[in-house]
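Engineer: Handing you a structure now.
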């Protein structure tokens, strides 16, 4: 019964034991004491002593509970003790085992069990002192390579852990005094194995090694080499205490015996160091000497043999009681969560084998998954000893929703608001308020469109510049009733067609004037009249009308129509009607030259328009004799002359004579040219127009018939020679034929000529709008040389009673002048300078009519001829 009770109590205590944490709760100090003649205070040089605080509370700790202090990067405890008690006030509350890591694990540990001294109403606190050395590598094993990067020279933080409680302190480690480029030697004692780890690295070759042989031998020393523990590799770096931090394979050949190990290698790249290490057993000797083989050839250098010997001090194992015991290391898988090292009970008197057992937890693999949620969950799939358990970690993640808003700042901000209770977080994006935009459309010379956006800083105004190719333009000329010209431009949207509408004055309402001619009987006279002008005009056309017959004014019945027909090379048909009480007559124009004689024709492109009341006034615009341009209703040629003939209608005739001067026609034949010459003085203020390449025209306009009631022409109005006028279109500057620099070239815009005939005391103004057809007039050479470009028209003064008169022509050149400017029609009475020499054998001269320098008609009344007669008597 008693035995059953004891067994039951043991089972209950085991079943109720638990793992507690947080017993070691403070890192009070960490100091170093030189345990030998070490030249520097390195982490692997003994002895480092840590003072750790602990506390046990009976409320949470019970007998049999366990707790552990893990000490990462600690190599071994520097003591012969295998355990230590936690004592307070002379009482032991826990017993702890000292588990050195050595080459087995990356950490040492202190594992403790609460004793029965601890009761529920007891609380104990105290400190424990632990001597040890740190592990910073020293071989090619996985444990040493991991620990080779635990610390660096200088200030470091050392941290120990008791479950989820961590305690830390800082420490200052000194760097090795051996140059890293020199050969490196190391021997470390493994107390639990009574062995030493020997490491060798040859000198550094900065550019790499071509070949070499490295190794060591224990021949003659009694020490043996464990070939199963040999590591060979190359490292791409050393830590501050000259231990390899990595191990990579390379091309080598290894030879190992119980007394020596040799490694021959080739082609080690730059930046790498070859090394070899092995466990050495050195028992029953106080010291032993090692022979090191060190032969190497650096890249680009000759082979070097730097082999040497070195003596290491050994020690005797005091635990076995006898030397030469066998130490067996076994590994056993347990269900614990940490790895532990334990020594099985050993009696040196009876046991020859000391067993060190490594308790390794069941290996586990961790699988991390994720889900939309808030908390992290863990689940473990257990496995029996010898298999691998699985730990599944389910990590939550949140989805996000983005909210964008505007603000007055100048930058974009993004803020994530994490929801602690839900899986949806909010991302708030604040963007600057948009700038206002101004769009400008402009035209440029390219054939394609572009859009440029200029973004201003926040708070400014953005600009969008649209560049469009230019629209095509269609120009239309229209005629209207106003007396002035206008130009209207209609700009279409991009891609359309712009329109330019030019409205010019239509001459359908040409005005007329009334004049009564008186017949004066005056003797033959010869004289000159000079009228000085005070106003200059831009254009000058001089014509003289002489030897007008006596006639009386009478109305002429004209159809109410106004039709101007474009002409061909040989003829012109003109019907002019009466509007607003104005009367018109049809006029036939005769052109004469020495080669072809006189023909009733008009050059192509010319327009004849006439208006009259009691006195018939004919205005002829002559242009484009070579047929290069066509005129239409209301248009004028860019070059030409304007002549005005005034006559009084007489008895109508039923037929237009086709052969002037033939018997029975009533029209005298053309007289022979007069030898008298008309001269023109220079007009002050007249424009100096350069010579042009246009041929002047000699033009004679003959009024020899009237218009009947139905528009047909009648018989000649008088038997006297026809009214003859002549206008020089162009002439060379200061030439004999154009000394006054006068020209008849049209320079205005296209349109009809509006002739305003004022009373006899006023001046009628003829304004010739220009056109843009660029027509050129071809003249006749009246000197008998035929057609000649560049000749100046000759004024033919036809004398009365078959009195001859002739003026030879002079050749000159010039250019046509044309423009599209519009000139208005204006009636102004201004005296002009006009030098005119008149020679006549007629006794009766009713009236003379001339163009002044500005193109106005000057009608001289009867009293002027009386004055001329008186002057001729005196002279």
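Yeah, the Cβs are placed from backbone N, Cα and C, and that goes for glycine too.
It should be emphasised that the depicted structure is a prediction, and the values quoted were computed from it without experimental measurement.
The following feature annotations were taken from Swiss-Prot:
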COMPBIAS  549-578  compositional bias 'Low complexity'
COMPBIAS  627-641  compositional bias 'Low complexity'
COMPBIAS  674-715  compositional bias 'Polar residues'
COMPBIAS  722-746  compositional bias 'Low complexity'
COMPBIAS  755-764  compositional bias 'Polar residues'
COMPBIAS  789-816  compositional bias 'Low complexity'
COMPBIAS  827-837  compositional bias 'Low complexity'
DISULFID  73-150  disulfide bond
DISULFID  96-112  disulfide bond
DISULFID  205-298  disulfide bond
DISULFID  227-256  disulfide bond
REGION    546-580  region 'Disordered'
REGION    619-837  region 'Disordered'
REPEAT    365-396  repeat 'ALS 1'
REPEAT    438-469  repeat 'ALS 3'
SIGNAL    1-17  signal peptide
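Provide an account of the burial state, proximal residues and distances for the features listed.
Structural biologist: Note on residue 150 (disulfide bond): other Cβ atoms within 10 Å of its Cβ, all shown chains, come to 19. In the three-state DSSP scheme, residue 150 (disulfide bond) falls into the coil class.
If you draw a 10 Å sphere around the CB of residue 112 (disulfide bond), it holds 27 other CB atoms from the protein chains shown. DSSP assigns residue 112 (disulfide bond) to a strand segment in the three-state reduction.
Long-range Cβ proximity for residue 298 (disulfide bond), meaning a same-chain Cβ under 8 A and a gap of 6 or more residues, is found for 205, 206, 207, 208, 209, 210, 304.
Cβ-based neighbour count (10 Å, all protein chains) for residue 256 (disulfide bond) stands at 19.
A Cβ distance under 8 Å defines the sequence-distant neighbours of the repeat 'ALS 3' (438-469), meaning residues of its chain 6+ beyond its ends; these are 409-410, 432, 494-495.
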Engineer: Please report the Cα separation of residue 96 (disulfide bond) and residue 256 (disulfide bond) in Å, rounded to an integer.
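Structural biologist: Per the Cα atoms, residue 96 (disulfide bond) and residue 256 (disulfide bond) stand 41 Å apart.
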Engineer: Determine, to the nearest whole angstrom, how far the Cα atom of residue 150 (disulfide bond) is from the Cα atom of residue 112 (disulfide bond).
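Structural biologist: Taking the Cα atoms only, residue 150 (disulfide bond) lies 26 Å from residue 112 (disulfide bond).
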Engineer: Can you tell me how many other Cβ atoms are located within 10 Å of the Cβ belonging to residue 205 (disulfide bond)?
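Structural biologist: Result for residue 205 (disulfide bond): 23 other Cβ atoms within 10 Å.
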Engineer: Helix, strand or coil for residue 205 (disulfide bond)? Use DSSP.
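Structural biologist: DSSP assigns residue 205 (disulfide bond) to coil.
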Engineer: Find, for the listed disulfide-bonded residues 73, 227, the residue with the lowest Cβ contact count at a 10 Å cut-off, counting only other Cβ atoms.
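Structural biologist: Counting other Cβ atoms within 10 Å of each of the disulfide-bonded residues 73, 227, the minimum falls on 227.
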Engineer: Would you count the other C-beta atoms found within 10 angstroms of the C-beta of residue 96 (disulfide bond) for me?
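Structural biologist: Total other Cβ atoms inside 10 Å, all chains included: 22.
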Engineer: For residue 73 (disulfide bond), what is the secondary structure state per DSSP, taken as helix, strand or coil?
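Structural biologist: For residue 73 (disulfide bond) - judged by DSSP and reduced to three states - the answer is coil.
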